[in-house]
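S.K.: Sending over a structure as C-alpha cells; questions will come in a sec.
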Amino acid sequence: MQWSYRFVSGLLVLASIVGMTFALYLEHFKGLEPCPLCIFQRVGLMAMGIVALIAFLHNPVSNAFKRVYAFLATLGILWSVGVAIRHVWLQTLPPDQVPSCGPGLNYLLDALPLKTVLQQVLQGSGECAAIHWTFLGQSLPVWSLAYFSLILLVCVWQLLRRYPVIVTKKK
C-alpha cells in the first residue's frame, strides 16, 4: 500500500494534536507545571504540526513543495528531539552536578534578550532535572524523546521517500 503525502501529513498533524493534548492534560488536570525545557519541546512539536497542517491543506503536487514541507517539519521535530535529549541528560546527572534553579521562563522572556533566554534555558536548571512523573519506570522526558523520535522517523521518511512523477499534458 502506498501512503499518500496528504495521508502522512494528516498523521503528523494528528500526532502533534495528541502530543499537545497529553501535555496540556498533564499540566491542567494532573497539576504538572512544565519546566522551560518542556515548553521548548512543545514549541518544536507545534511547529512540526503547523507545517504538517499546511502541507495537508495545500496537498502539493510538486515534489519540490513536498520536500520543503517535509524538511521544515523535520526541523521542528528535530528541535524537540534535541531538547528532549538535553532534558533526559539533565535528569541523569548526579545531584551535586545539577544546575541551580533559575527564574521562570516568563520572567526571563520579559527581562532578557531572546538569545540569552535560549542559552539559559538550554543550559537547564534544577527544576528541569526533577522527576515528577513516571510511567513504567521512565520519566516524562524519556517518553517524550521516544514519541518525538518516532515522529522524526516519519518526517525523515516523508522527506526522503520517492514520489511518483506526475506528467502533465501540454495543451
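For all residues, glycine too, the Cβ spot is worked out from N, Cα and C.
Residues annotated as topological domain 'Cytoplasmic' in Swiss-Prot, with sequence analysis given as evidence: 1-8, 61-67, 162-171. What Swiss-Prot records for 9-25, 44-60, 68-85, 143-161 is transmembrane segment. Marked as topological domain 'Periplasmic' by Swiss-Prot: 26-43, 86-142. Among the features that Swiss-Prot reports, disulfide bond is placed at Cys35-Cys38, Cys101-Cys128.
Quick one: where do these features end up spatially?
M.R.: Away from its own ends, the topological domain 'Cytoplasmic' (1-8) comes close to residues 55-56, 59-60, 66, 154, 157-158, 163 of its chain (Cβ-Cβ under 8 Å, at least six residues beyond either end).
Taking Cβ pairs closer than 8 Å, the transmembrane segment (9-25) reaches residues 34, 38, 42, 45-46, 48-50, 52-53, 55-56, 59, 69, 73, 147, 151, 154-155, 158 in its own chain, all 6 or more past its ends.
For the topological domain 'Periplasmic' (26-43), the mean pLDDT of the prediction comes to 85.
According to DSSP, Cys35 (disulfide bond) is assigned to coil rather than to any helix or strand.
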S.K.: Taking each of the disulfide-bonded residues Cys35, Cys38 in turn and counting other Cβ atoms within 10 Å of its Cβ, which one has the fewest?
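M.R.: Comparing Cβ neighbours within 10 Å for the disulfide-bonded residues Cys35, Cys38, Cys38 has the fewest.
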